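Now, the feature entries from Swiss-Prot:
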BINDING   6, 7, 8, 9, 10, 11, 12, 13  ATP binding site
BINDING   8, 9, 10, 11, 12, 13  substrate binding site
REGION    31-34  region 'Interaction with substrate tRNA'
SITE      100  site 'Interaction with substrate tRNA'
REGION    154-158  region 'Interaction with substrate tRNA'
């Protein structure tokens, strides 16, 4: 398997599609929000990017759950392995592509985490704490949790709930075997990354980001569920429900995405410290040069 990872706005999808076309294979998404139907602009699905040379590259684990659903690592592992086995059975090496570091690390290492039940006592104790306080509490549990996507109090409380359960119920099951993968990271300097994020955010607003969230609210999805998803869905929902003005919404969201990208890179550097070999490629290289660099590594590892 080939794994393509990197922070938001670095061009992961473009590279994965180019490789999949060249290798005649399929992609598995590792994005914790692209699994939801109807959440398109804010998650950057860019489905047109999967068209190349008159061919649509299949991408698994996109649009598999309704918006408003709660998805987790436990569910992702099962869905990933179904897609992974299906692709292997058809004689292809899958390409895993995304920015949710915990999903990527879990499937590569073969972590098996249980479906964690709610803990009302813990939730009551954590209610009223700020996101900063909750993030510090979560950090004390160590590396095995996806802190990159925790940008609302509700998500942070759920993350602590899972971490607390795992601490008290150690899981060493090998239900999911480790996967050997060539890991490619797209490296983008900070200033360029920040500019891309800001430019993309402006583009998403012009493409109908606010209308997308309004449509989700009008369809009956509770505001608190959209806030739970964080980033665009959190901030635009706050704007549409009158809890902030447009300027504050935009600047707050822009800052949150910059912080999110920084947390993603922190996670990937942590993966390297935990023993993963990541081959970093300049995200500013032309697509064909990126593809050639990966093909050389793929051939050397084959």
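Glycine too: its Cβ is placed from the backbone N, Cα and C atoms.
As the structure is a computational prediction, the values presented were derived from the model and not from experiment.
The structure, with features from Swiss-Prot marked on it.
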{"residue": "6", "record": "ATP binding site", "DSSP class": "coil"}
{"residue": "11", "record": "ATP binding site", "DSSP class": "coil"}
{"residue": "100", "record": "site 'Interaction with substrate tRNA'", "DSSP class": "coil"}
Between the binding-site residues 8, 11, 12, which lies closest to residue 100 (site 'Interaction with substrate tRNA'), Cα to Cα?
8
Is the region 'Interaction with substrate tRNA' (31-34) packed against any residues at least 6 beyond its ends, judged by a Cβ distance under 8 Å, and which are they?
42-45, 61-63, 71, 76, 98-100, 103, 146, 149, 229, 231, 233
Chain-internal residues, separated by at least six, CB under 8 A from residue 8 (ATP binding site):
44, 99, 197, 257, 260, 261, 264
Fewest neighbouring Cβ atoms within 10 Å among the binding-site residues 9, 10 goes to 9
Most Cβ neighbours within 10 Å: which of the binding-site residues 6, 7 is it?
7
Cβ contacts of residue 12 (ATP binding site) (under 8 Å, same chain, 6 or more positions away):
4, 5, 6, 97, 98, 99, 186
Cβ within 8 Å of the mean position of the Cβ atoms of 6, 7, 8, 9, 10, 11, 12, 13: remaining residues of the chain near ATP
99, 186, 188, 283
C-beta crowding around residue 100 (site 'Interaction with substrate tRNA'), within 10 angstroms:
22
